[in-house]
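These notes are about the structure you will find just below.
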């Protein structure tokens with residue numbers, strides 16, 4: 001149903017999200033009462049432990065949106081339930097005694113409950129704590145509250161909260177489709193979406209969920225197979241039948257197509273890429289895995305050799321900068337490795353990337369070296385008193401200075417919202433005028449990158465020049481994220497500049513080109 005309301009650029013997100021709906025049925029098959037609570041407690045404990053480890057090792061946004069990396073939070077709740085049932089089985093008479101509690105003594109039980117509830121209350125306040133700390137803390141406190149089974153607290157005996165708990169999983173499944181379909185933009189919309197989410201959850205809970213929970217294993221297996229085959233048919237139909245394709249008016253469809261044409265990355269649509277031959281990094285398996293693109297472009301008819309190093313920003317900018325020279329160069333080398341910005345080391349992977357970059361620079365000895373990157377998150381942190389990272393950064397840059405005539409370093413560029421094009425197109429489709437709030441607030445964006453700029457200002461390099469692309473996007477107190485007249489985005493879904501965004505940078509890059517041609 002969601003496919004009828006969402007543009008096809010969002011179908012991939014919906015397909016991944018819809019996997020969670022299978023658990024509405026499979027929960028009944030996987031987690032059932034066998035009275036072997038110890039084995040079940042061990043299983044959910046292992047799921048919680050290894051699930052959190054996987055969650056902590058993955059990228060924040062990916063981990064949050066990937067359902068399998070969030071199951072450890074569900075299993076933590078089952079740990080509390082199975083723990084209580086084990087204690088009841090071991091001491092069946094204790095539960096019947098008034099004032100007795102499952103975890104232990106009454107006073108300590110009350111203290112744990114009060115502390116957990118207080119922590120949950122404090123978490124409602126605005127904060128920017130690390131999710132690797134905050135999320136397990138909230139999960140652990142919730143598990144303690146479940147395990148405490150205190151009946152003399154009015155808040156826990158509330159029938160309303162108990163009912164919300166009964167419908168909570170259906171609530172979790174239906175909220176996103178309703179938000180996607182009705183797209184709330186103001187207070188009235190949010191009130192409607194909230195009401196529709198609760199009403200639909202109540203309906204599905206009574207008409208569907210409570211019914212299938214009473215089914216025996218045979219009938220439940222038939223239902224599950226029917227749903228799986230039905231889902232498979234729908235997936236086939238979506239990909240092969242035009243009934244699912246939603247069309248819009250001429251102007252609106254042109255805007256949608258123009259933005260989709262820039263996805264997934266601007267460099268994938270650049271015809272000049274056929275002039276570049278890629279090479280593989282064979283000496284390090286980690287570099288090979290994170291290699292976004294390394295190679296040499298067709299020789300020009302000039303005398304200047306150039307090289308570009310960094311992360312994925314190299315792929316976004318390499319062809320555009322190269323085209324500014326109109327083949328007035330002799331050699332053009334590039335290398336883009338995920339996690340490596342060319343001079344700042346924050347992990348073993350970035351150190352290996354820098355070691356590789358240094359060997360490439362020493363081998364090719366380019367006249368001009370570009371260090372282009374989306375700077376790593378640690379560069380946004382406050383600078384340490386001993387300034388060890390600054391010293392290491394300058395040491396790496398000085399190594400490059402020995403082999404090149406000029407180094408250009410991309411300055412701090414604002415960070416854009418993940419999946420920006422998807423969000424932008426939803427606004428284009430559903431709102432007569434795309435709001436200016438989609439642009440970045442200059443003060444907030446600059447404040448986020450202030451330590452990056454401070455670190456770059458501490459670079460000690462005679463041959464270096466730090467250049468900024470932000471002036472191209474600055475308008476009043478905003479950094480523009482889209483063209484208001486053409487309704488076309490300047491950034492893609494991964495935070496890279498699109499072809500439209502790169503065009504804004506044309507004057508800045510032309511000035512750099514003229515300077516190189518004049519001085520090198």
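A Cβ is built for glycine as well, from the same backbone N, Cα and C atoms used for every other residue.
Unlike curated records, TrEMBL annotations are generated automatically.
Feature transmembrane segment, per TrEMBL, maps to range 160-178 of the set 8-26, 84-102, 103-121, 160-178. By the count of Cβ pairs under 8 Å, the stretch nearest in packing to the transmembrane segment (131-148) among 37-55, 62-83, 160-178, 190-208, 220-238 is 62-83. Across all of the domain 'SGNH' (292-510), the predicted model scores a mean pLDDT of 86.
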